[in-house]
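Chemist: Pasting in a structure now, in structure tokens, and then I'll have a few things to ask.
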């Protein structure tokens, strides 16, 4: 079904939308069976109201841009079954397990997320819609099933910001607020953010069926992912080994992109890793301000397991966990009668795939850093030059985003133009030493300064979702002023553009930003 985007027809959209969400498509995750999920109604929020809405995501889903203004919209996207919600559209929460902070945590699952169905996208793909904060589920454990306004706004803004940075991510259609109180470290108010993704299958889904010794369900899940998202794997000599390779390589590419923009996820547990290699579960994330390779964005991560510099290593480790879960499937088609021999070969094959992670990640990050430095030609010492810059930034706590953005102003021949970026460094002599190396390297390039600057400004964003920017929007939203959420969302749609009217959003963080802390409490 396709929905008209005209204002005249928008009023009729909600009933059709709810009906479409309630009609599972062939091959949808919900059709896998009760072993994979639990169907249950959402717990409606009291007097919900719209905080933010992405007309871009609406367009992707072929929904009218006026949808959020329609009566019943806020109710529908908090899972309220009392309006426009057909009987067959019961939401579901999926079950999975996983490793949290490196320790096996056993069964987890969607503790406050409810998937309400799928919609066809204008790009030919199908997208699941998931309500984060939709209420308690059988997997909530001690939680209340709610999300708070603070974390919901952060996820809404960052999902869309990452998309416009060109980084694979779940999207966000809307965030709905309520005055309903929620107890966290203090009393906050409840909210629901509507996540949008082709799939919400995580590494932890595979770990769950492996740990429960259900190879039949493990295979059913793997077949679902292959048939729907990795059909080329079906033609491989070993489809399940090919699935592991696809997930491993996508994850390596993803984390290289994170590192290149200074993004820290904060909670890289295996249950927060997407089988499609997209960024998922925005919690205590953060973009690095003053560069510190050991930066920890999550206040709860006291050991620094998920620090900026650790992200590639942790992602690789998580792929090992996925490989272990897939071992019962790897090599099945070889027809090896002896179980021990088959298992031994499966381990060898999986290890060979896992060895490709650093082989993929290293060159991917080098390409990204070469683009950030404006180097069109590949030279042997480029990685060393980039690492030396990061070391110099680390020593001076130079701002990550501004440093790379201002590098475009450096001239091949005129050191006096270094001032804008040089001023970001405490140890300016150290910067000068690096800048001389950089200029020498630029002398090998054929592009002139102007052409290089244009290319660099396409690789180095001027605007990222810094914590203090999100905090300002959150504080205003708590006062029912949602204009800053909208303004920030619009700015972050064009992260590489100058936008001189919004220069303040690209400035160094104010002093008070240093006291901001984000944690797993959301």
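Using the three backbone atoms N, Cα and C, a Cβ is placed for every residue, glycine included.
If you look up Swiss-Prot, you'll see 271 marked as active site, proton acceptor. If you look up Swiss-Prot, you'll see 109, 111, 112, 132, 144, 145, 195, 202, 281 marked as ATP binding site, on the strength of sequence analysis. Taken from Swiss-Prot, the feature Mg(2+) binding site covers 272, 281.
Quick one: how deep are these features, and who are their neighbours?
Modeler: Cβ neighbour count for residue 271 (active site, proton acceptor): 23 (other Cβ atoms within 10 Å of its Cβ, all protein chains included).
Following the DSSP three-state reduction, the secondary structure of residue 195 (ATP binding site) is strand.
The Cβ of residue 281 (ATP binding site) lies under 8 Å from the Cβ of 267, 272, each on the same chain and at least six residues away in sequence.
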Chemist: Give the distance between the Cα atoms of residue 144 (ATP binding site) and residue 271 (active site, proton acceptor), rounded to the nearest whole Å.
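Modeler: Pair distance, Cα basis, whole Å: 19 Å.
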Chemist: Which residues does residue 109 (ATP binding site) neighbour through Cβ under 8 Å, counting only same-chain ones at least six apart?
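Modeler: Long-range Cβ contacts: 93, 94, 95, 96, 137, 138, 139.
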Chemist: Taking the Cβ of residue 112 (ATP binding site) as reference, which residues of that chain separated by at least 6 in sequence fall under 8 Å from it?
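Modeler: The list for residue 112 (ATP binding site) reads 132, 133, 134, 135, 136, 137, 140, 143, 144, 145, 146, 147, given in order along the sequence.
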Chemist: Fewest other Cβ atoms within 10 Å: which of the binding-site residues 144, 195, 272 wins that one? Let me know.
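Modeler: Counting other Cβ atoms within 10 Å of each of the binding-site residues 144, 195, 272 gives the minimum at 144.
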